[in-house]
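I have a structure here, written as structure tokens, and I will follow up with some questions on it.
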């Protein structure tokens, strides 16, 4: 099956990053793919995805991912970070340009799965 996806629009997500949804539809609940962009010096909010495995496929930039059980992980283009369901997670852009990665979720990301657990108030 092939589908042409309309040109996606980037939006600001409360997690402190910019998101472009490339693929996220109830018709294919097994997976979603989003492009995430984190600005230099920004750390995303500590959160977890309940019932969802997430993978960060790093495309550009340098970062430091924090995943429960794995500690701090230095990442750059070509790296993949696997976040198990329910694991606390966040990523910091430690470079001078944008940190860009694909967020591949199985099953697909829904806002109901997202839980903000950052101790800093929003």
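The backbone N, Cα and C atoms fix where each Cβ goes, glycine too.
No curator has checked TrEMBL annotations; they are predicted automatically.
Fair warning: this is a prediction, and the values are worked out from it, not measured in the lab.
The domain 'Cupin type-2' annotation in TrEMBL covers 36-105.
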Of the residues in the domain 'Cupin type-2' (36-105), how many are helix, strand and coil by DSSP?
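Counting residues by DSSP class gives 0 helix, 43 strand, 27 coil.
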Across the domain 'Cupin type-2' (36-105), what is the average pLDDT of the model, as a whole number?
98
